[in-house]
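Enquirer: I am attaching a structure below and will ask some questions about it afterwards.
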Amino acid sequence: MVKQIQDAYIVAAVRTPVGKAPRGMFKHVRPDDMLVHVLKSVMELCEGVDPAAVDDVIAGCAMPEAEQGINVARVALLLAGLPNSVPGMTVNRFCASGLQSVAIAADRIRLGEADIIIAGGTESMSMVPMMGNKVSMNPAMFKHDENVAIAFGMGMTAEKVAEQWKVDREAQDEFALTSHQRAQAAIESGEFRQEIVPYTIDEKYPDLKTHQVREVSVARDTDEGPRADTSLAVLAKLKPVFAAHGSVTAGNSSQMSDGAGAVMLMSESAMRRFNLSPLGKFVGYSVAGVPPEIMGVGPIKAIPKVLEQTGVKSDDLDWIELNEAFAAQSLAVIRELGLDREKVNPLGGAIALGHPLGATGSIRVATLLHGLRRHKMKYGMVTMCIGSGMGAAGIFEAL
């Protein structure tokens, strides 16, 4: 068990809706502005909290440059109106950046080093491409065969996982369809209303009658990725993207996305001080490494590790948010660990909802905690594979 002097509680967890990149609703919205929005939102939800009492703001970002560079956490917190006394730190663990920020915040509170921290993440894949604006890999990576896989594209690794774990095309497409169906059902039933804070976008249109540009403010409150009209027949028509005779397609892979999320964590004494009630408690977090060429199976190592560290049993988990980087790797993880498909991504996953890299972890924490409470469940997990060959898993308890 982890040694600690106090528990870390989550008192607020919000996110933007997730937009499609690079031509979706957030294509002209800066990632630092999205982060500002969710930071303001958690402060508003925790009315009465003295902004000067916030000990730190930690934000994940997978490609921290350009519009999401120069320490986006510090920039955003100041633009959100938090005082100069509040520091900020940007964290990069690729796809787990948002979850890593929550784990760092929780650990500082559990060790007694802080009482109030806002953690989260932001990513605009519309403004900053997957590999950044300037790809410059170390030539040493290509001198020895064992290091070449560091440079593999994520799709190539998914093909290797599909081959090694024998995940066929039909199974991948069926998994993708389920993701869309669950996400669409969740949207229609209002499952995401508690966690999404609408984002108002000023959109410009040509007015054909007046020959002028018309500006309209639109409040966006719904994830853009889920498709009600997709089907196995539609998915089956898509060609493999990463290998000529492969099985990984755009339809059974996660979507490039834009979005942000934020979570406010507190010690018990801070909650009493500001008269707040918790959504849940942070239980534990683990990361593990795997060969880069099969990075998608990282959760196979990270999940048992965090279960052992926390003493929580796999059967105790009521809800698992497994980031669907690809259907191939998701199915490999589910099969290898014997996870209950009904407990995994009950509201859909990244194939439908999108994957804004550095924001995804914090977004999934918001989905998990609100979902656990709404359905009167107790333990849940957020887990994902990570580029370059890692996996991460965090356990939370709803209260």
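Keep in mind that glycine also has a Cβ here, set from the backbone N, Cα and C atoms.
Among the features that TrEMBL reports, active site, acyl-thioester intermediate is placed at C95. Taken from TrEMBL, the feature active site, proton acceptor applies to H355, C385. Annotation comment: TrEMBL describes 9-269 as domain 'Thiolase N-terminal'. Residues or ranges marked as domain 'Thiolase C-terminal' by TrEMBL: 277-397.
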Enquirer: Of these active-site residues, C95, C385, which scores lowest on Cβ atoms within 10 Å?
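Expert: Each of the active-site residues C95, C385 was scored by Cβ atoms within 10 Å; lowest is C95.
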Enquirer: Do me a favour and check the Cα-Cα span between C385 (active site, proton acceptor) and the residue listed as 'active site, acyl-thioester intermediate'; whole Å is fine.
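Expert: Checking the Cα atoms of C385 (active site, proton acceptor) and the residue listed as 'active site, acyl-thioester intermediate' gives a distance of 7 Å.
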Enquirer: Reported in the order helix, strand, coil, what are the DSSP residue counts of the domain 'Thiolase C-terminal' (277-397)?
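Expert: Secondary-structure composition of the domain 'Thiolase C-terminal' (277-397): 55 helix, 35 strand, 31 coil.
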Enquirer: Can you count the other CB atoms that lie within 10 A of the CB of H355 (active site, proton acceptor)?
Expert: 28
